[in-house]
Amino acid sequence: MFSRPSLCGNLGKLCRSGTAAVTSTPTTTPPALSALALCDARGYHEVVGDIICPSQVRGIDHIRDPRLNKGLAFTLEERQVLGIHGLQPARFKTQEEQLQLCKIAVNRYTEPLNKYLYLSDLHDRNERLFFRFLSENIEDLMPIVYTPTVGLACQRFGLIYRRPHGLFVTFNDRGHIFDVMKNWPEPNVRAICVTDGERILGLGDLGACGMGIPVGKLALYTALAGIKPHQCLPIVVDVGTNNIDLLEDPLYVGLRQKRVVGREYDDFIDEFMEAVVKRYGQNTLIQFEDFGNHNAFRFLDKYRNTYCTFNDDIQGTAAVAVAGLYASKRITGKSFKEYTFLFAGAGEAAIGIADLVVKGMVAEGVPIEEAYSRIFMVDIDGLLTTSRNVGNLDGHKVNYAKDIEPMQDLEQIVSTVKPSVLIGASACAGLFTPKILRTMADNNERPIIFALSNPTSKAECTAEEAYHNTDARVIFSSGSPFPPVVVGNKTYYPGQGNNAYIFPGVGLGVICTGTHHIPDDMFLIAAQELANFVEPADIERGSLYPPLSSIRDVSMNIAIGVTKCAYDKGLASTYPEPQDTRKWLEDQLYNFNYECSMPVTWTWPRMPYIKTRELVPTKLYGKKKSEDIL
C-alpha cells in the first residue's frame with residue numbers, strides 16, 4: 001500500500017462514501033484509524049463521471065483505474081509529472097498501435113469464450129481502448145460480446161466471474177434496495193439494463209448468471225451509440241432460480257433458492273423501480289431484458305406510462321423485425337396489407353413484432369381490425385383460435401385468436417393459412433422443416449422467412465436450409481449470425497436481425513432529450529430509419545439489413561428520429577429544443593480516443609505596478625491595557 005500521508009488529499013472521498021462506515025465502527029477502533037483504513041482501501045474506479053478533479057487523483061491512479069489508464073500510450077512528460085515514470089517499460093505506443101496488438105491477441109484464441117474473457121480483461125484495465133476496439137471491429141466482435149457467445153458466458157458465469165460490472169440486488173435486500181443502489185459509485189446514471197435471469201436468450205432460467213446480458217447490452221450502448229459508460233448501469237434482480245442444475249451447482253453465484261413469485265415478487269420489483277427514480281431521477285431509462293414471458297408484458301403495461309422504460313425483447317425485437325419487413329417490400333413490391341403473417345411462437349418477441357406490424361399497417365391506412373386479421377399465431381398448443389380446448393389466450397394473445405378450427409401441426413397450419421411471411425420466435429431448433437420451407441416456396445414467389453430465435457443453436461432453421469429448400473427465392477433473416485450460403489454460382493450473405501441495430505439509438509435519443517415515457521411510435525420510427533439505411537447492394541447480397549460496420553451511423557439516424565418524436569409529442573424534458581439535432585447529439589457522445597492526462601495549465605498576465613502604502617506593524621494590546629479590560 002501507499003503511505004498514509006499521500007492519501008490525505010483524498011479524504012473528500014471518505015466524506016462521500018465512507019461516513020456511514022466510520023460512524024458504525026466499533027468503539028474499540030479509534031475513529032481516526034478507521035478513516036485512514038478506509039482511505040487505504042482504494043476503489044476500483046478512482047474517478048466518477050467524466051469530469052476529473054485533479055486534486056482527487058494520484059499519479060498511480062492513472063495506471064490502476066481503467067478509465068484513466070492508457071497503457072504504454074503515456075508520454076514521457078506525463079509519466080514524469082504523474083510520478084509513474086519507471087513503472088512502465090521504456091516503449092511509447094500510440095492508441096492505433098495498441099489496437100493492432102489487441103486484434104492480434106484476440107485472434108490468437110480459437111474458442112469464442114476465450115475471446116470473451118480477453119475482451120472482459122481489456123475492459124477491466126483500459127476502458128477507452130476496449131470501447132474503441134469494439135466500435136471499430138463490430139462485425140467481428142459483436143458475436144463475442146453479445147449473442148451468441150454471451151449466452152455461453154452466462155452459462156459459465158460462476159466459473160469466469162472476476163470483477164463486478166454491475167449491481168446484484170437480491171430478494172433478501174427488500175426494504176433496503178435504495179441502500180444497495182447508493183453503493184454504486186456513479187451519481188449520474190442515465191441508463192439501466194435490468195434482468196431477473198428467468199429467460200436468458202433461448203437458454204432458460206439462469207438466475208444471477210444472467211448478468212452477462214445487461215453487461216453486454218450496455219457495452220453496445222457505448223460502442224454503437226456513444227453513450228458514456230459511466231452513465232450505464234447493469235443490474236440483476238436476484239429472486240432465486242428454478243433451474244435445479246444451478247441450485248445444485250457449487251459454482252452458482254446467486255441466491256440458492258426457488259424463485260419468488262406472486263405478490264412478494266411484484267412488490268419487490270415495485271420497490272426496485274421506486275429506488276431507481278429516487279437515486280437517479282424520473283427520466284432514468286430502465287431497459288427490461290430477458291424476463292419471463294408471463295412477467296415481461298405485465299411489467300411493460302404496468303410501468304410504461306409511469307416510468308421511462310421499455311422491454312427490448314418485446315419492442316426492440318419488434319423494431320428490428322419490422323425494419324426487415326419494410327426492406328422486404330422493396331423486393332416483393334407489396335404493402336403490409338397484402339401480406340399474411342404466421343408467427344411460430346407466441347411469447348414476448350412474437351407478440352411484440354405482431355403488435356408493431358399492426359401499428360405499421362394502421363400507419364398505412366389499414367383499419368386495426370383488418371390488421372389483426374392478417375396475423376396468425378401458433379404457440380406450444382397450436383394455432384391460436386377462439387374454439388380450442390387446450391392452452392390459454394391470456395394477455396395479448398387474445399388479439400390474434402381466429403374463429404377457425406383448431407390445428408396443432410405446423411405443417412398443416414402453413415398449408416392451410418398460406419402465409420407470405422413466416423416468423424420464428426419459438427426457441428425450437430429445426431421447427432421449420434424442409435417440407436414447411438418448400439410449402440412456403442410453393443405458395444409464394446418470394447417467401448419471407450425469419451428464424452429469429454437465439455442463440456444460433458435455437459434457430460428454427462439455418463440460412464442454408466432456407467435457401468436450398470426454396471430454390472434461393474427466400475427473403476431470409478435470422479436472430480443470430482449464419483455463414484454465407486452458396487447456391488449455384490451466387491453467394492448469399494444472410495442478414496442478422498440484431499436488436500443492436502435498434503436499442504442503442506433509441507437509448508441515445510431518450511437519454512439526451514430526458515424523455516419521460518417511451519411510446520411505440522419511437523420503435524416504429526427506429527424500424528423505418530433502419531430500413532431506409534438498407535442499400536440496393538445489401539438486398540442484392542441477400543441481406544435485409546445494412547452491414548454491421550455502419551451500425552453507428554444507423555444509431556445516430558435513429559437517435560435523431562427519436563429526438564424529433566420526443567419534442568413533437570411533448571415527452572422531452574431537455575430544453576430548448578436543438579436547432580441542429582445531429583450536432584447537438586454528437587456533442588454529447590463518448591470520446592473513444594485518449595485525452596491528455598496532464599492537468600490543464602495556463603498563464604496569467606503580468607500584474608500592473610501599483611505603489612502600495614508603507615506596511616506598519618499592528619501593535620497588540622499591552623499587559624496594562626488587558627488588565628483594564630478585565
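Cβ atoms are placed via backbone N, Cα and C, with glycine included.
The active site, proton donor feature in TrEMBL is assigned to Tyr146. Sequence annotations record features per position, and here TrEMBL assigns active site, proton acceptor to Lys217. What TrEMBL lists as (S)-malate binding site is Arg199, Asn454, Asn498. Among the features that TrEMBL reports, divalent metal cation binding site is placed at Glu289, Asp290, Asp313. Here TrEMBL flags 123-304 as domain 'Malic enzyme N-terminal'. Residues or ranges marked as domain 'Malic enzyme NAD-binding' by TrEMBL: 314-567.
Ranking the recorded positions Tyr146, Arg199, Lys217, Asn454, Asn498 by Cα distance from Asp290 (divalent metal cation binding site) puts Arg199 first. Considering only the recorded positions Arg199, Lys217, the Cβ with the fewest other Cβ atoms within 10 Å is that of Arg199. The Cβ neighbour count for Asn498 ((S)-malate binding site), using a 10 Å radius and every protein chain shown, is 26. Considering only the recorded positions Tyr146, Lys217, Glu289, the residues lying within 10 A of Arg199 ((S)-malate binding site) on a C-alpha to C-alpha basis are Glu289.
Other C-beta atoms found within 10 angstroms of the C-beta of Asp313 (divalent metal cation binding site) number 25, with every protein chain shown included. The maximum pairwise C-alpha distance among Arg199, Asn454, Asn498, the residues recorded as binding (S)-malate, is 18 Å. Excluding the listed site residues Glu289, Asp290, Asp313, the same chain places Thr195, Arg199, Ile200, Ile213, Phe288, Phe291, Ala296, Asn311, Asp312 with Cβ atoms within 8 Å of the centre of the divalent metal cation site Cβ atoms. Residues near Glu289 (divalent metal cation binding site) in space but far in sequence (CB under 8 A, at least 6 apart, same chain), listed by position: Cys193, Val194, Thr195, Ile213, Pro214, Lys217, Asn311, Asp312, Asp313.
Close to Asn454 ((S)-malate binding site) in the fold, though at least 6 residues off in sequence, lie Thr147, Pro148, Gly151, Leu201, Gly202, Ala427, Gly479, Ser480, each with a CB less than 8 Å from its CB.
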